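Novice: Got a structure for you, written out below as structure tokens; questions coming shortly.
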């Protein structure tokens, strides 16, 4: 209380000062300070009073010096001293023009003791108003609008003026002084001052009050002392508000008034604090936005841009160590919740490089939705520089690319404000100051200390200069140290040795620490060096380091004070480049403008957990700066006293967010490039410029007028253009009450037109002016009050300006009221399509030395998985290069290369990407991949690797369309092709790489030896002739040779010419060892040679040594070695304590021999001889001992003809251990190490204890401390003697020592891991797709380990195993938080189990019949139909080729079903074609169907032969017709060819003379020419004939009436038939009817009959029946047997009626579709009604975390959306979604019940002992089970054996009645139940996994709904992945019960998916 009273008294005493400060802008304080300093040399006091101001104002000494100018320009990044004299005079500077008249505080109008704020403001305004005439005069001189005006302590104003014009200002009447504006830095974060944030705080009192900023990042520590509000009374989000939200959302909670809401979306819990040890990214971001620290030390508190704003902790990065990325669903959930809870701004300092702008991207769509709700989105641009900067990721282009963009997604979002990074002017960093207490002071200088633990390690130590042999400062060699270094700080210079080695040597010399002096000769601090953290070390700049060396040299015995602390120092990077070198370049790949704006992001000091702070750099730091600034802007809009409040209040949605963005961009300040003559920094790098928060707020308060491009964007996007004159329009909006006129800035630098250039020396990108280019307005810019004006501008380029360049710059407009508007523009002069999408082989990016091979083919060995660069050779200069003629692989399984793929270096983002294999004629063999888009290649700094596009591999097989089988392609030349459209373009580009498929090995002949004398030495060569007719001999010329068993695996051959028949003569030099092994006789030679496809020829031959004529004995391997040990080639041990030594050789006759044993006794060798090859083999037993032996070889058995004698030593005595002890004989230990001791025999050379080499003393004793891990440790000890013989002993030691009880303390079975677990219906054994339940088992490390999953404690069994279940449903990404602890320790760690699944296969409905063959004579066949899925991604393959896919980065939790319309052409082969159509969803569930098509080329058939029954006069004539070939059908026409019908088997009965046409047709649609047959022999008017004609017409009339009444034909033709019938009846009724008239009437009526058009054509019928089958299968028996109350029929019966109607053809397709839609609407309603009825209100009104709505709302929305759809397939997809929702709701209901207390009457347990949960509600699938893994109960009315979900159509068939005729079971042993009755959908299956029977009569051979998968598949990035095993191959008809397995479960996403899932890539 005393303190409060004291504060109150101070407030009262200082009311005058405070009153002044309440209205006094910071700018006026700065102005007064500048005047005071430059006129008197004194600084402004901390408290400004009228008295001190008066004292300063009376000092009239103005000091306008060069130093003052230089200081001001330096703050703007301009080096004044580098300007020439003309530039120094022409440059503009900021000055304060002080008036002669006194300011308000001195002119007597205010009381000196007290004046109110209102009085002060009133008098100040009068003073400012009186400045008008002087301002006008000043503006005439400066040509600049006057800036800020002052009137209280200073009477004056600021302006810009050229230096040369300053004296002119002083001459103007009324001007007292002209003073250079002082560079003013507050003690707060320098970044705030860069953007004029403090001025907003002071001038407008805006600090973010009443605003909320969402921080979508890695988390916030809400307990940090700077996470506070000064006053929490008037916050936007109260605790009550948050609790209302969380009650509905069912996640998240309230933390405090500063952080009112938070949730961990990644781990699905309320832990919002980032537990990353090194740095907390989200906490740093939060501090920049809204930290509210107190205190004067900038290192110990932080004040953010909007310190009074509230922050939402939307944690989207997991605390799990398994992932450092996040995924789409997680981000989307956080974005949506941010908007729902009412965030004004959301910040995302995250992204993936080089994004696009498609709203198919779920994050971009979510950002758009947030904008539409009025939440502004601010996103970082990325930290990757340009794509042309190789591994550096900076502002460079080494490749000369036209497309260098790297702006990341979701920062590419159109509505987001995307932020680039500028460097901070100063940096708080670790700095060193070195003093001696008297004359020395070095620093403070920025350093990088090896560890924070060593801050005191250098203080008060003596220093030691390490000198080299020349007496100069050493580079730190160990030999340069002396004993004097001990205990001192060593000083060395940079170079030669690694930093690590320098540290090691200093430590080894006994030094106490190390200082490394840089060698670049500058004062640049030495940071960013790789130091180990175990030895005290830092670096110094060259300048400071040399001063230290000089001082120590003069004072070697001084102990120096070394203070290492945090300090604010100038940022060296700011002096090199105002922009951060890492900030990502724009534009978006479609030439849309990005980034939007720049903010400080380089070297920013901000908050960390636990009241900590740190320095970080990145656009991640720039983005929150803008987010905070937009909170201030939003506060200004909410200010009811703002004169424009009424306008602002009506801004909603995107109108609001776009306005905020536009105002900030219009008021931004473009940054100049200090390294290139102060030209502009490219708008593609800085956007609109550096944010000026004060200017933006000024605009909102005074004149919120704006200028935008014609499309409404606050930047002009010229796109690409080719005309040198480009017109565009700008829209000016005047929101004031007075007319405004605008003039373009007259500054030629500002308004110049620029293009991009590259510094040839450094590769740095910069902008340069385009000489002769200009932009001019088409008219004066006048904007009436409250109106808009659209003005046309023309950009003119010189005719000489080359195309394929960017054109860019800034348009600056000065308003008539002094306001300014800034607008960047950017376009591409040329054709954006033209830039290459792929780098070529050996292209611009190819740099093997740097590890970048650019675009390169990859060859793979299937067996090992090893990949090789294809065609890689070494040129004459030793450089690696790709020879495109040497790229080949083999279809031979024994070859090394079995597959080919391409690793592409994509130079651009591309869309509609397709990868094909073409044959030698350019025909497509297969399509390996089709994808919507692929990202360009770039270097990822985090993973330290290039992100290429790895296209799928081809293994040389193809789909044989003739029979549907996979075949091996023929050998030959092929092409690997990629094609795509550059994003933003419209022209497809193609890039081809030729290769060969070659399965035949080269042929080799005439293997021989040759010799040459080279340098006085005989060099032997192995020669041969070789030939390969396709891929060619190995281009690397690698070969393997063996001479007499001496091998050279690294040989190479040279070409020595070519034979007449095309063989290449090759020579391979022998190695010295091989040459020594040669003898005068039969030398065995082996040549192993491959072709480029890796087919190998291994050729053996006997060769004669050149020049030799004798055939001596040759022993292979160069003879018997001097020593035979266990490592000798040819020795083989046996089990009797010895072994056998075997050797071989050649001799022209049999060889015999003897050897001596260990006792010296002689024995015969065991020899064999092969006369055909003159080769022998001999063997001798040897014993485990050391002894000398002799071997003699003879030419005879009598041993009289000695051929060769060998002396050798047998060395097989292994070393021995004596007194070997492990852990002193104990099997257990509780220590971290155990001791292994023992003694070895004297001949032992080495002893290895595990990986440690033991030291042996003189007595051969050893002792080793061996580290052990918790659990069983097998310790191996191996002794090795000099001969290589070894002895090994081992023992298992069990250790209870565990330094980290929690490390690896939990392991899971069946492949489950912490982090993401992705699977489908068949790939995970732990998951049951029928129930959606996952059973997770595993083991803990300790009995004391505790495990909590999803907030529930998991019981641990005595054997340390555990088991628990999770309800995963059938679709979605579901994270479960995991907490692992130990009862003996007071600590835990967090992890996450995330499951990403889709357990439902897609549906596939084809319009063509899949049951009966299709015949056609058109080679172009169209496959049409529809595929649906429960998620939004589908890919389509036809005949094994990937032909279509949808946007792969989906939000799997969106609940939106997928839909794909299929319309794909296929080129038919003549004869039979089996077309396989497969659709695959996001988790590789696949459904496959086959269409069999027979095609014959169109041809003209031979005309049929027509034969009359008689040619004599007759009453009737019967015409029969025969086709010329079998399989043809003859048709006839009685109406002149208008209509045709089949000739009846009995022929055509003719009753009247006339002409009849006949033609032949076949199944393929071919026809013959029509032949006419004229009947003339009918007797006219014969009574009998007349009666016959009447009868025939009567019959035909009756038939016509029957047809009319059938209802099968459309109205038009039925009406025509009725008219023809009436006409025929009239003719029949005529009394004078003749045969001719009756015949004519008959003919006309027959024509009308023939012209009847069926209501349901055959193709429509087939398609509809297929569709009805899919619907019926989807309903299953459960839902199908329910009754539609409106009809009283079951849904199955209703579908059966539709089938009958379709079969009957009595309704049109549209009518049937309408009826089907009604049935589906009724099904949807019934299902929704059932779900809602079975859902208690407390659950139904609860929130579905995935959608944010209640379960009841989800049900209603899905029902409404489904019923609103007009398409039956869409309704089916919604039905699936509703069924999924039912599963999820049921799970929620079950979760609300007490576990294990079910009261179900039918739940049973097959294993016994378990009490089932309650019986399901009507319509539910029995799902209850007892404990201990009981089987599903039989509760519910769905069959207890629901059908499986995978099948093909190959093995099971059905007869025409739908009966199963040949069902089989892959699992075997199971007896299937009887086939279902006709019309039923077969669902029963045999025991032990038998397949479901097929059945059902819709159609006769029901198509399957899922399919098999192959062993190898490709992922979404085209990568070959390991196969998951083939699915069952028997035919299955899949039943989909309503609650059985068709659900599309939509789970909340808090999981961990890397944004690289977009890089499915990447």
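Cβ atoms here come from the backbone N, Cα and C positions, even for glycine.
Keep in mind that this is a model prediction, so the values were computed, not measured.
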Novice: Of 1917-1921, 1922-1926, 1927-1931, 1932-1936, which span is tagged motif 'LPXTG sorting signal' by Swiss-Prot?
Specialist: 1927-1931
Novice: Using Cβ atoms only, which residues of the same chain lie under 8 Å from residue 217 (active site, charge relay system) while being at least 6 residues apart in sequence?
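Specialist: In sequence order, 281, 282, 285, 286, 314, 315, 316, 317, 347, 348, 349, 350 meet the Cβ cut-off.
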Novice: Between 0 and 100, where does the mean pLDDT of the motif 'LPXTG sorting signal' (1927-1931) sit?
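Specialist: Mean per-residue confidence for the motif 'LPXTG sorting signal' (1927-1931): 32 out of 100.
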Novice: Between the active-site residues 281, 620, whose Cβ has more other Cβ atoms within 10 Å than any of the rest?
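Specialist: Counting every other Cβ within 10 Å of each candidate, the maximum falls on 620.
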Novice: For residue 281 (active site, charge relay system), which DSSP three-state class applies?
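Specialist: Helix, per DSSP.
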Novice: May I ask you to report the DSSP-based helix, strand or coil state of residue 620 (active site, charge relay system)?
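Specialist: SS state of residue 620 (active site, charge relay system) = helix.
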